Structure formats: C-alpha cells, structure tokens
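Just dropping this structure here.
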Amino acid sequence: MAVIDLFLYFILYSFLGWCCESVYCSVIQRKWVNRGFLNGPFCPVYGFGALLVLFLLRDVRHSFPALFLSGMVMTSVLEYITSVILEKLFHMHWWDYSHMRFNLNGRVCLLNSCEFGLLSVVVVMYIHPAVVRMTGRIPELGRVLLAVLLLLIIAADTIVTVRGLLIMKGKLDDLTARMAELRLKTEEGREKLRLAFAERTDALKEDIDGRAEAWRELFTARMEIMEADYNEYKDQLNRRLAENTGEYRKTLEETRKKLDALGDRMRQLDKGSVSRWVYKRLMRAFPNLGDEENRRLLDEIRKKLDSSSKKES
C-alpha cells in the first residue's frame, strides 16, 4: 500500500502544482493559461518535487529555516535537471529565466527558488498532514482502483502529449530546414540583386555624366547662339543709336539697357543655378530623359528669361 499512497500523493501534488502554476501565469498574462507539460491538469515536476521534499527532509520538518533552505535547494536542483532533460529530449527550451535577476543559465532563478522553498514549508507543515488523514479514510480497494484509473489517465495523457510533441518537432525541423533553404536563396538573390544594382548604378552614373555633359554642351551652344543674336542685335541698335537723335534715340537707349540686363541674366544663369551639379541631380531624378525632354527644358529656360525681362520692363 505504500506504493499506492506514494502514487496518490504524486498525483495530488501534481494537480495542486498545476493549479498554482496556471493561476500564477494567468494572473501575470491576464488571461487563462493551461500551464504544464501534460494536456490534463497535472504538472509532474511538482509531484516529484513534493515527494522529494516530504521524504528526504523528514528530519528537518519541524525547523522552518532548515526546511525552507533545504526545500529551496532541492526543488531548484530538480527544476534545473528537468529543464536539461526536456531540452535534450525535445530540443526546445521550456522556460527561460534569463530576464530574471540571479538566474542560472536561464533555468532557475532566485525568486522562483524562494517561492519553492516557501511552498516546501507549507506542504510539509500544513498540507501533507491533512492529505494523509484524507487518504487514510479511503478504503484500501478504493485507493487501488483510484490509483489504477489515474495511472491510465496519466499514461494516456503522456502518450498523447509526447506524440504531439514529436510531430510538432518534426514539423518544426522541416520548417527550419525550409527557412534555412529560403534564407540561402534569399541571400543569393540579394547578392545577385546587389551586384546587378551595382552594375546598373555604374552604368547609370556613366549615363548620367554623359547626358549631363551633353546637356551642358547643348545648353552652352544654345547660349552662344542666343548671345550671338543678342550681340548682333545690340550692334545694330548701337548703329541706329549713332544715326538717330531726339525721342527715337531715347527709346533706343532704354531698349539697350534692357538688353544689357538680359545679357547679365543669361551669364548668371550659365554660371549659377544651371550648373553641373544641377544637371546631375536632374538626371538622377529623371534618368531616362530623352532629347525631346531636354529641348522642352531649354524652352522652359527661355520662357523664364523672357518673363523676367517682361517683368522688369
């Protein structure tokens, strides 16, 4: 009967541990959390921990400090070993206390160890005496039948849980392999894209420089033509000015001043705002500009020159 009683204690404390763990995590996350390795309301690690504390710390069960410290150390060692075993079996981290202060490899931490020490005191001094009295009232046959029923439930739950974990692990491994393959292809594609972009950038830069230079030469040529026309018209005006007097001479003088102002603006345009860096900026913004677009822009420049001249007049 001792084995039956131990098993019933194990089941009971596994259930109580599940209750404490689920309520604790639910309060922190502000939603219900079914905490535990199994699908059912059992946390076996709490059952094992309770049995270890109950039977290995019997000699110190009347000393609060000794029971607290011994229970804290014993349950922390159990938690650490359980973490390692589960990680080795399923290649997954089941809990991580790395964000907690005074943790050991993220598997145990001081806060939880103190809580386990306090639980050890409560279980040994207060809960277990009541449990012994309660189980003692159950008939021997009833305890056997109850133990067998709970064993079948726990066994079925364990089989279902482990099978589900193995299936999930296989899917995770497959997903990890697919992600690694996708990452490799993505990196290869990114490298190809980077090289292609670099080649395109170099070609585009050469094209930009070439277009900018051609545009500047075109603009310079047009400016020279306009300046030649301007000089020719100015010479004609000077000749007429020399030949005429009176009111007509005054009108021609005003016209010559306007021409001088227009010439200054043309030279300022060539040296200032329409400079090489502006050409490059425009070509970067509009890399596919064609000759038709160049002519349109030059026409816009002429229109601005004309409008500026009209405003001043």
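Yeah, the Cβs are placed from backbone N, Cα and C, and that goes for glycine too.
Curation does not apply to TrEMBL; its annotations are automatic.
Here the structure is a predicted model, which means the values were calculated and not measured.
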Looking at 165-192, 277-304, which one is coiled coil according to TrEMBL?
165-192
Rank 37-57, 63-87, 108-132 by Cβ pairs under 8 Å to the transmembrane segment (144-166) and hand me the top one.
37-57
Summarise the model's confidence over the coiled coil (165-192) as a mean pLDDT value.
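Mean pLDDT, the coiled coil (165-192): 66.
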How about long-range neighbours of the transmembrane segment (37-57): same chain, 6 or more residues beyond its ends, C-beta under 8 Å?
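Long-range Cβ neighbours of the transmembrane segment (37-57): 6, 9-22, 67, 70-71, 74-75, 78-79, 82, 86, 94, 116, 120, 123-124, 128, 153-154, 157-158, 160-161.
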By a Cβ-Cβ criterion of under 8 Å, what residues six or more beyond either terminus of the transmembrane segment (63-87) are in contact with it?
37, 45, 48-49, 52-53, 56-57, 93-95, 104-105, 107-108, 112-114, 116-121, 124-125
